[in-house]
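What follows is a single structure, written as structure tokens, with notes after it.
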Amino acid sequence: MFSRIISPRNVKSAQGVLRHFSLSAQRDARVAVLGASGGIGQPLSLLLKENPRVTELALYDVVNTPGVAADLSHISTKAKVTAFSGEKELKHAVKDAEIVLIPAGVPRKPGMTRDDLFNTNAGIVRDLAKVCAKICPDAMLCIITNPVNSTVPIASEVYKQEGVYNHKKIFGVTTLDVVRSNTFIAEAKGLDVNQVYCPVVGGHSGVTIVPLISQCTPPVSFPAEEREKLTRRIQNAGTEVVEAKAGGGSATLSMAYAAARFANSLMEAMSGESGIVECAYVFSGDADTKYFSTPLLLGPNGVAKNLGLSQINEYEHDLVKEAIPELESNVQKGEDFIHKDD
Ligand SMILES: NC(=O)C1=CN([C@@H]2O[C@H](COP(=O)(O)OP(=O)(O)OC[C@H]3O[C@@H](n4cnc5c(N)ncnc54)[C@H](O)[C@@H]3O)[C@@H](O)[C@H]2O)C=CC1
Ligand SMILES: O=C([O-])CC(=O)C(=O)O
């Protein structure tokens, strides 16, 4: 994994999200959002409703979807919005979905880690994944719900149990880490943020978030102390928002933006556009980093090629080393949750 190459030519999609309305290779897409009434779900659904590639937008939650859907349905864009509430309607929500985005579950409050959400969110993701595996096994499954490091292995084990597992189509959405890195680097260097792309690898919590500043486009460098400060800020950016919201939840608007961008990149790749690259947390197959976020070349069937880490410097190598034990334990915890009754 450490030696695979990512070419800067492949970072096309990573630069600026709302480029996404260039419709060179238009293909209609049916998208479902599970957890659509929440802090992320609502603005994410708004951004999807605005995306001309989306023809059908199914909103599912345990509460409030009729109101959210009625509201969105008055917007004069193409997507047909439908509402589904409660467990019994879930199968109807995901029927025919090609992309399923999951922001269902509880967010952090100050003082909590993402892993503290496991007890509530693991079961939510397991149950949603079970229905998706049965009803829309070929859809791209994009998991936003924390702890992402564990919820992606949970969904993967469910798909294995149902006999429909395809690791190329199950993603932990880590786009927000890239969005933040691009923003913070652009601010620090006085660059146009639309021209900045910094891949972020590893996982999606604390030390498992590893920005690869040495691979930034355009190239940037920082004195060691500044680089360390910037890296730790990127790793703790979620907590920065949790603390600023002071009990009101975690990042919602920036997350909606990030997920809308990731979904748009998937839609572009599904349309046959080439050179679409996004970082996401996926099954990597490596022994020490079984699930790992890396730049991925996306294609019509999900991950076309895992581009790996490419050349990383010694500082980044140490960060990856620091990430691995926590990732391993997060992955194990997720897998154990599904197999506890085996
Ligand atoms: N991957 C990432 O980068 C990020 C992940 N998150 C995570 O996203 C999740 C959602 O965050 P928010 O939207 O702020 O929370 P929220 O509490 O505002 O919304 C969650 C929504 O999920 C719904 N829900 C709960 N159980 C459900 C079920 N079984 N089926 C369907 N819907 C269900 C709730 O009714 C609610 O509408 C959290 O776990 C949070 O930690 C948040 C920010 C970034
Ligand atoms: O920090 C949180 O709990 C939400 C999240 O994942 C993020 O903002 O990156």
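Using the three backbone atoms N, Cα and C, a Cβ is placed for every residue, glycine included.
Caution: TrEMBL annotation is automatic and unverified by curators.
Here is what TrEMBL says about this protein:
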- HIS204: active site, proton acceptor (ACT_SITE)
- GLY35, ALA36, SER37, GLY38, GLY39, ILE40, GLY41, ASP61, ASN121, ILE144, THR145, ASN146, MET255: NAD(+) binding site (BINDING)
- ARG108, ARG114, ASN146, ARG180: substrate binding site (BINDING)
- 30-172: domain 'Lactate/malate dehydrogenase N-terminal' (DOMAIN)
- 174-337: domain 'Lactate/malate dehydrogenase C-terminal' (DOMAIN)
### Task
Given the recorded positions ARG114, ASN146, ARG180, HIS204, state which is nearest to GLY41 (NAD(+) binding site) when distance is taken between Cα atoms.
ASN146
### Tally of DSSP helical, extended and coil residues in the domain 'Lactate/malate dehydrogenase N-terminal' (30-172)
66 helix, 30 strand, 47 coil
## Note on the structure
Near the residue listed as 'active site, proton acceptor' (Cα-Cα within 10 Å), the binding-site residues in question, chosen from GLY35, ARG108, ARG114, ASN146, MET255, are ARG114, ASN146
### Query
If you measure from the Cα of ASN146 (substrate binding site), which of the binding-site residues GLY35, SER37, GLY39, ASN121, MET255 is the nearest?
ASN121
### Query
Roughly how many angstrom lie between the C-alpha atoms of ASN121 (NAD(+) binding site) and ARG114 (substrate binding site)?
10
### Query
Which binding-site residues of SER37, ARG108, ASN121, ASN146 contact ligand 2 in the sense of C-beta under 6 Å?
ARG108, ASN146
### Query
Counting distance between Cα atoms, which of the binding-site residues GLY35, GLY39, THR145, MET255 is nearest ARG114 (substrate binding site)?
THR145
### Summary
Under a three-state DSSP reduction, the secondary structure at MET255 (NAD(+) binding site) is helix
### Query
Given the binding-site residues ASN121, THR145, which one is most crowded in terms of C-beta atoms within 10 angstroms?
THR145
#### Entry: For the recorded positions ARG108, HIS204, the one whose C-beta sees the most other C-beta atoms within 10 angstroms
HIS204
## Note on the structure
In the domain 'Lactate/malate dehydrogenase C-terminal' (174-337), averaged pLDDT is 97
